[in-house]
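The feature domain 'Enolpyruvate transferase' is assigned by TrEMBL to 7-404. Under the heading phosphoenolpyruvate binding site, TrEMBL lists K22, N23. Sequence annotations record features per position, and here TrEMBL assigns UDP-N-acetyl-alpha-D-glucosamine binding site to R92, D304, I326. What TrEMBL records for C116 is 2-(S-cysteinyl)pyruvic acid O-phosphothioketal. Sequence annotations record features per position, and here TrEMBL assigns active site, proton donor to C116.
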Amino acid sequence: MQRFMITGGYSLSGAVRVSGSKNATLPIMAASLLLDGKCVIRGVPRLRDVAVMRDVLVYLGASVVWEKDVMRIDARRVNCHEVSEELMRRMRASNLVLGPLVGRFRCARISYPGGCNIGSRPMNLHLKGMQAMGVGITEKFGYISARAEKLQGSEIYLDLPSVGATENLMMAAVLAEGKTVIKNAAREPEIVDLQNFLNNMGAKIRGAGTDTVKITGVNSLHGTEHSVIPDRIEAGTHMVAAAITRGDILIANIIPEHLEPVINKLREAGVYVEVKDDQVRVAADKRPRAVDIKTMAYPGFPTDMQPQFMALMTVAEGTSVITETIFENRYKHVMELRRMGADINLEGHTAVVRGVPELTGAYVEASDLRAGAALVLAAMGAENGTVLDHVGHIDRGYERLENKYNALGARIIRVHS
Ligand SMILES: CC(=O)N[C@H]1[C@@H](OP(=O)(O)OP(=O)(O)OC[C@H]2O[C@@H](n3ccc(=O)[nH]c3=O)[C@H](O)[C@@H]2O)O[C@H](CO)[C@@H](O)[C@@H]1O
Ligand SMILES: C=C(OP(=O)(O)O)C(=O)O
């Protein structure tokens, strides 16, 4: 078990570079399974989730060499189509191998990922889409088995724009016969990155980034090299870090368009945000104004930024209404923020946050990745010291977050207990 000892009250200043996107890297790594050959992925962040996906690929028979931020994957020897419960439990996103395994081998068996700390997260849309492509699905003993004599392109309508279902179905469709059209697809930038990777391997996909993705099946793919996009959620987290510590920082390696909802909300809250090419400067010298947010699928305000933004709103002038519409249980940080003196009233999907002048340090626990990030931000902006337990969750999605913030003037010590 690892914890952070955080001494609050230091304004962040200086420059920080954003790593490659976790949510782009994971499906791209999974997509490498489609290829009876080798590919190279650059800009790979050193994250716990990426290490788990590497273990999944190796378990399936791939060779993976990961040096610094470059990953070389050779999937020629993949000979297993099953992902164990142990691996699936370590990371939900392991379910992204279902589409590529079905696409290449016409069969796969994965343990059902189940719910997690933020919601029940079913896979019904992934499975319904595959069934429409002629895949037989059976669910037994906690495992999903998928088998197809022939994988047939099809028209698929998603009841809601699920990121994972869009990605899994795109990957399954690449080597299918004929054309697949995914309607009401998710539009997240990570889906565009996956499309670019797959097209670089010889796939024929159009429309990622819109609500209709069209995939024309091809007979074979070839090796490629690809650089993943920067992590927009990491960038957004740093932006809030600058605001909550009344700091002034330059965040490098961003795609400004991907950050529009966060940039606009921060500006509305009175935070100074200056975008220049692939960098953004964020500065604040007073409490933010309270603003309301409602999480939505991209290009709406990202659910993965809701906890961090709530941390900022706990010290805003006025009352903010935060509505979580994507995950039914993404409010575990509320209890912990309250321990730090936040005034938050939770009713169903809505949190009413009455800003207080300052938070105070406390003993708190990270229940999941973004809740953990939110507590780091709250603690950096708080009076006195905070002990933040279970920081392993944070390592799932941030590369040594404490090193990045300490380089900007924060005081965070990682303790192994
Ligand atoms: C690895 C990765 O990229 N993770 C991201 C991805 O997760 P993930 O792909 O799991 O999220 P989805 O977009 O699929 O989930 C959105 C909502 O749809 C529901 N749903 C989803 C699939 C399904 O078959 N049935 C169903 O009901 C989910 O329970 C959830 O309430 O998108 C989420 C929403 O932006 C982000 O928070 C996650 O960081
Ligand atoms: C919810 C997240 O990730 P995952 O879908 O991998 O659980 C996240 O990145 O905030």
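Placement of Cβ uses the backbone N, Cα and C atoms for every residue, glycine included.
Unlike curated entries, TrEMBL annotations are predicted automatically.
Positions of TrEMBL features highlighted on the structure.
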residue: K22; record: phosphoenolpyruvate binding site; Cβ contacts under 8 Å, 6 or more apart: P45, L47, D49, V50, D231, I233, R396, G397
residue: N23; record: phosphoenolpyruvate binding site; Cβ contacts under 8 Å, 6 or more apart: V163, E188, E190, D231, I233
residue: R92; record: UDP-N-acetyl-alpha-D-glucosamine binding site; Cβ contacts under 8 Å, 6 or more apart: P113, C116, R121
residue: D304; record: UDP-N-acetyl-alpha-D-glucosamine binding site; Cβ contacts under 8 Å, 6 or more apart: I233, R370
residue: I326; record: UDP-N-acetyl-alpha-D-glucosamine binding site; Cβ contacts under 8 Å, 6 or more apart: T295, M296, A297, T303
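In this view, C116 (2-(S-cysteinyl)pyruvic acid O-phosphothioketal) is surrounded by 14 other Cβ atoms within 10 Å of its Cβ, with every protein chain counted. According to its DSSP assignment, I326 (UDP-N-acetyl-alpha-D-glucosamine binding site) is coil. One way to see the shell of the UDP-N-acetyl-alpha-D-glucosamine site is to take the Cβ centroid of R92, D304, I326; the remaining same-chain residues with a Cβ within 8 Å of it are I118, G119, R121, V163, T303, F327, R330. DSSP classifies R92 (UDP-N-acetyl-alpha-D-glucosamine binding site) as helix under the three-state reduction. Across the domain 'Enolpyruvate transferase' (7-404), mean pLDDT in this model comes to 96.
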